[in-house]
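Colleague: One structure coming up, written as structure tokens, with questions to follow.
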Amino acid sequence: SVGFKAGVKEYKLTYYTPEYETKDTDILAAFRVTAQPGVPPEEAGAAVAAESSTGTWTAVWTDGLTSLDRYKGRCYHIEPVVGEEEQFIAYVAYPLDLFEEGSVTNMFTSIVGNVFGFKALRALRLEDLRIPTAYVKTFQGPPHGIQVERDKLNKYGRPLLGCTIKPKLGLSAKNYGRAVYECLRGGLDFTKDDENVNSQPFMRWRDRFCFCAEALYKAQAETGEIKGHYLNATAGTCEEMIKRAVFARELGVPIVMHDYLTGGFTANTTLAHYCRDNGLLLHIHRAMHAVIDRQKNHGMHFRVLAKALRMSGGDHVHAGTVVGKLEGERDITLGFVDLLRDDYIEKDRSRGVYFTQDWVSLPGVIPVASGGIHVWHMPALTEIFGDDAVLQFGGGTLGHPWGNPPGAVANRVALEACVKARNEGRDLATEGNEIIREACKWSPELAAACEVWKEIRFNFAAVDTLDPTA
């Protein structure tokens with residue numbers, strides 16, 4: 001009979017629709033689902049679709065006041081995971097009308113909201129999202145993008161070099177500025193505030209900004225190269241964050257920085273809009289990402305966080321090193337590096353890319369390799385990341401036995417040697433160590449660095465790995 005019928009009914013009756021053909025305007029999601037014992041995959045997949053869109057636990061009278069068929073999420077495909085009895089991939093399509101234009105915050109509140117605490121699921125992980133071009137076009141995206149950044153900096157044909165100032169906490173503003181000057185003077189393109197440097201009692205933000213700007217201008221005058229220091233504008237409120245960005249602009253520096261996950265997507269998008277309007281580049285640090293993305297069965301993969309960042313806005317984002325001290329498997333890392341840089345990325349499950357993604361005209365983001373890397377890694381980094389990357393050596397610069405400027409010189413010489421060798425057709429993967437040794441003959445600074453770090457390795461297996469193929 002027609003009319004309202006109270007009670008609880010199975011999700012799959014409404015939300016599991018294997019016959020559904022996805023639309024170009026749908027947001028598509030791939031979830032790794034671990035259901036509770038006894039919950040069939042169709043019901044679990046439908047529950048994910050329901051709880052992340054229009055559904056609730058019981059039939060409600062007000063369902064009759066809207067068109068559920070128009071607004072509901074749909075689980076349209078379920079795929080087993082090879083070697084995992086209890087896991088499967090559920091594909092869900094969401095109609096575009098469910099999401100506010102230009103708001104990553106709203107998109108995530110639905111797709112990775114309450115559903116992650118749902119009792120019928122033991123664990124849930126969002127592996128990938130397909131953002132339709134209609135939704136992409138509602139975002140500004142990165143303030144400037146890769147080409148505009150190169151033009152602003154007048155640096156072409158090689159990766160950029162950076163250094164995080166250490167110790168990350170405890171230096172006075174003047175000593176901090178001195179380290180910035182020494183690194184930039186030695187040949188680096190950028191230095192960086194650590195992500196946890198905001199405005200603490202030992203160094204207030206305004207003092208740091210002033211001394212870093214002085215260091216930057218002095219290094220520029222002496223080297224004839226454009227230099228940058230990522231001034232961290234992250235703050236406790238959006239108003240304070242913008243105040244710091246305004247002061248950075250008044251100092252005339254080229255780039256500011258934000259911690260986009262701890263700061264939040266609303267704050268990040270606000271800052272990205274300010275940066276485009278005022279000609280500032282925006283460096284993004286991903287502090288807190290491993291809380292969300294490191295476990296293979298629960299949370300959200302970093303490729304989703306990377307896509308969200310490209311939509312929200314940032315010119316650089318940390319993306320792992322493959323070879324350093326932090327988590328990151330090569331194929332997976334290259335998968336999301338492409339998602340950050342390229343306009344069009346084909347589906348490629350061998351690199352963890354579940355959907356073809358078309359970014360239309362959204363600018364690209366430069367991936368930043370940072371964390372436990374040093375001069376011996378330079379050939380591998382140049383080969384893995386190519387030219388459009390920032391290679392950041394914190395301890396690998398400041399840990400040089402002769403001090404900061406020689407540490408910077410060693411990194412710049414190693415990079416120039418690798419780029420030259422690559423351009424001459426040499427294979428960096430097989431000849432890397434030899435290329436670095438040859439360069440040592442012309443650079444005592446590089447030779448000293450090579451001696452210090454010749455035995456350093458971080459050999460641990462990655463936690464987050466690709467699924468085996470059948």
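A Cβ is built for glycine as well, from the same backbone N, Cα and C atoms used for every other residue.
Just so it is clear, the model here is predicted, and its values are computed rather than measured.
Here's the feature list from Swiss-Prot:
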MOD_RES   Lys5  N6,N6,N6-trimethyllysine
ACT_SITE  Lys166  active site, proton acceptor
BINDING   Lys192, Asp194, Glu195  Mg(2+) binding site
ACT_SITE  His285  active site, proton acceptor
SITE      Lys325  site 'Transition state stabilizer'
Colleague: Non-local Cβ contacts of His285 (active site, proton acceptor) (under 8 Å, 6 or more apart, same chain)?
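Modeller: Correct list: Glu195, Asn232, Met257, His258, Asp259, Tyr260, Val317, His318.
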Colleague: Comparing the recorded positions Lys5, Lys166, Lys192, which residue's C-beta has the most other C-beta atoms within 10 angstroms in this structure?
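Modeller: Max Cβ neighbours within 10 Å, all protein chains included: Lys192.
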Colleague: At the level of the C-alpha atoms, what whole-angstrom distance separates Lys192 (Mg(2+) binding site) and Lys5 (N6,N6,N6-trimethyllysine)?
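Modeller: That comes out at 61 Å between the alpha carbons.
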Colleague: Excluding Lys192, Asp194, Glu195, please set out which residues of the same chain place their CB within 8 Å of the center of the CB atoms of the Mg(2+) site, keeping sequence order.
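Modeller: Leaving out the recorded residues gives Thr164, Ile165, Lys168, Asp193, Asn196, Val197, Tyr230, Asn232, Met257, His285.
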Colleague: By a simple count of other Cβ atoms within 10 Å, which of Asp194, Glu195, the binding-site residues in the record, is least packed?
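Modeller: If we count Cβ atoms within 10 Å for the binding-site residues Asp194, Glu195, the smallest count is at Asp194.
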